[in-house]
Amino acid sequence: MSTPTTPPRDAWARLRALTPARIALGRAGTSLPTASHLEFQLAHAQARDAVHLAFDPAPLQAVLQQRGRRSVLLHSAASDRHLYLQRPDLGRRLSDEAAEQLRGTTAVHGGGADLAVVVADGLSALAVHRHAGAMLEQIDALAAHEGWSLAPVTLIAQGRVAIGDEVGELLQARAVIVLIGERPGLSSPDSLGLYLTYAPRVGHTDAARNCISNIRGEGLSYAEAGHKLGYLLREAFRRKLSGVQLKDEADRPLLGTDTASQAAPRNFLLPE
């Protein structure tokens, strides 16, 4: 008669509670357990839905109006979602009508603001619907604290990151901030990205931009994203540059911790 043994401790259990990443899913024979397989299929469906979800700017326009912020609704050169996904280059430029509309806005209200803010659906309108309003509030508060002037917020359907260069150039802004839905992941269909470019001009490459990514409830908080943005903007204006020459060195104090008394890190796979 064999002696019963205690099942081995699942060393990954604690990590599974800390991350939505697909780790230690287990197995059923040579495949995944049914629950894990169904969760994967659901996440994949949510990511696909986020890519194809139509951008609805009306709620954001209403919020901006309540805050006393002017907004302009524009469209990229990609006429629909199908063309947007097939022709990334069209998502980087305004349509002719949108460009003319923005020129008219500059002629009437004047240009030369410190900051132009662009909100574009990108590859996840869901991210914009959920998080753009809160990040715009962070940007407005930062601008008020620093004394920076703001151009009207431009809301762009079928837009990609580089479209901010054209918007910033037409508005004659010192810098442009683009809030855009990031490519959905299998655990993050609603991740918002923020891109900063100093002296925006059509033709800039990604090397001219700074990125703050994964802004969402389960990722980077609005407050921390605003803190990073404040540092990058102050340095961009001081040094008159952005992109690869500007590194994010914003302080990140660990609240409630005493570094002197912290225990040495241990291997979570080893027994207690």
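If you go along the chain as it appears here, the first residue is 1 and each next one adds 1.
Even glycines carry a Cβ here, placed using N, Cα and C.
Keep in mind that what you see is a predicted model, and the values were worked out from it rather than measured.
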In Swiss-Prot, the residues E182, C211 are said to bind adenosylcob(III)alamin. Which of V119, V153, V161 is said to bind at that same site?
V161
Taking all protein chains shown into account, the Cβ-based neighbour count within 10 Å for V161 (adenosylcob(III)alamin binding site) is 20
Long-range neighbours only, meaning 6 or more apart in sequence with Cβ under 8 Å: which ones does C211 (adenosylcob(III)alamin binding site) have?
G193, L194, Y195, L196
Suppose we draw a 10 Å sphere around the Cβ of E182 (adenosylcob(III)alamin binding site). How many other Cβ atoms does it contain, all chains included?
24
If the adenosylcob(III)alamin binders are V161, E182, C211 per the record, what's the largest distance between their Cα atoms, in Å?
11
